[in-house]
Amino acid sequence: MASKHLLFFAILFFSAVSVFAEENPSLVMDYYKDTCPQAEEIIKEQVKLLYKRHKNTAFSWLRNIFHDCFVESCDASLLLDSTRRMLSEKETDRSFGMRNFRYIETIKEAVERECPGVVSCADILVLSGRDGIVALGGPHIPLKTGRRDGRKSRADILEQHLPDHNESMSVVLERFANIGINTPGVVALLGSHSVGRTHCVKLVHRLYPEVDPQLNPDHVPHMLKKCPDPIPDPKAVQYVRNDRGTPMVLDNNYYRNILDNKGLMLVDHQLAMDKRTKPYVKKMAKSQNYFFKEFARAITILSENNPLTGTKVKYRESSAIMGMICTRLWAEFSALLDTIWL
């Protein structure tokens, strides 16, 4: 009797998985056109509304793409909360300064009201980042959808993937190359530093005990005024705007700044000085169209980094109805196996 139950659940489970895998082989444009045709429009309208109320949300959405997609997969594992057995990615030191995750939940709730259990958090994270780029004056980037949500935090391997702002340009270029982004793509993505702000925690090593002589002396007094403490309180609101000229606009002014030695972080300075990246910095400083072209291409590659689709599906409970069915079947199947093999 038990063997009959085992066979039934095995057939049912693997049939469900195989059918779903066939229907979702890869990322595609307008993935939700039949199941939730208003999904992308809802996300765009929510981004506009939230940006109108809270301007700094757009910086957060853009940064979400980088921190989530760079670490092995675009699967919204960044949004997972810590548990007793698992540290959340968003609570690690490398995620310092990241915030506004609650607004992703706001967008998710709006989508759920229209299409319960259909649109993944991973797609919402990517699409909100895309629409945030537009809110900041950047280009509209057509992006594919159909990602599934990861259920495992990758906090333990962040250091292996995410490049740090103090690392050498060789390491930075290598990390990006590992996911298919070439040198002009790296230069373009770092153009994200055109918007937002940098906390003093990440700057003081260039100001204390002595000022880095490579910094533009005309820019130093402003930095010292904003960061008066050599050991700043991480919880204090102490920061410097990345671009004092157009702080709320994603544009190529960043490149002119770093060529003038006004880059805040070490990686900004290296980008303008390294012989491998400097030619692209100069080109983007002259042409915003070229910057936007390379930026759009790099964001597309980043957003498609090893997504969970098809047979690689892993679900959050709220991600999709089929996901809940598969999860339940697997639990029952595993329990039955335990009963038989014990």
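Using N, Cα and C of the backbone, Cβ positions are placed for all residues, glycine too.
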Looking at the disulfide bonds in TrEMBL, identify which of CYS121, CYS227 pairs up with CYS200.
-> CYS227
Between CYS36, CYS69, work out which one TrEMBL annotates as bonded to CYS115 by a disulfide.
-> CYS36
Please work out, from what TrEMBL records, which of CYS69, CYS121 forms the disulfide with CYS74.
-> CYS69
C-alpha spacing of ASP75 (Ca(2+) 1 binding site) relative to CYS227 (disulfide bond), in angstrom = 36
Taking only the recorded positions CYS69, VAL71, CYS74, which one has a CA atom nearest to the CA atom of PRO163 (substrate binding site)?
-> VAL71
C-beta crowding around CYS200 (disulfide bond), within 10 angstroms = 24
Taking GLU89 (Ca(2+) 1 binding site) as the reference, which of HIS67, CYS69, CYS74 (the recorded positions) have a CA within 10 A of its CA?
-> HIS67
Rounded to a whole number of Å, the separation of the Cα atoms of CYS36 (disulfide bond) and ASP75 (Ca(2+) 1 binding site) comes to 19
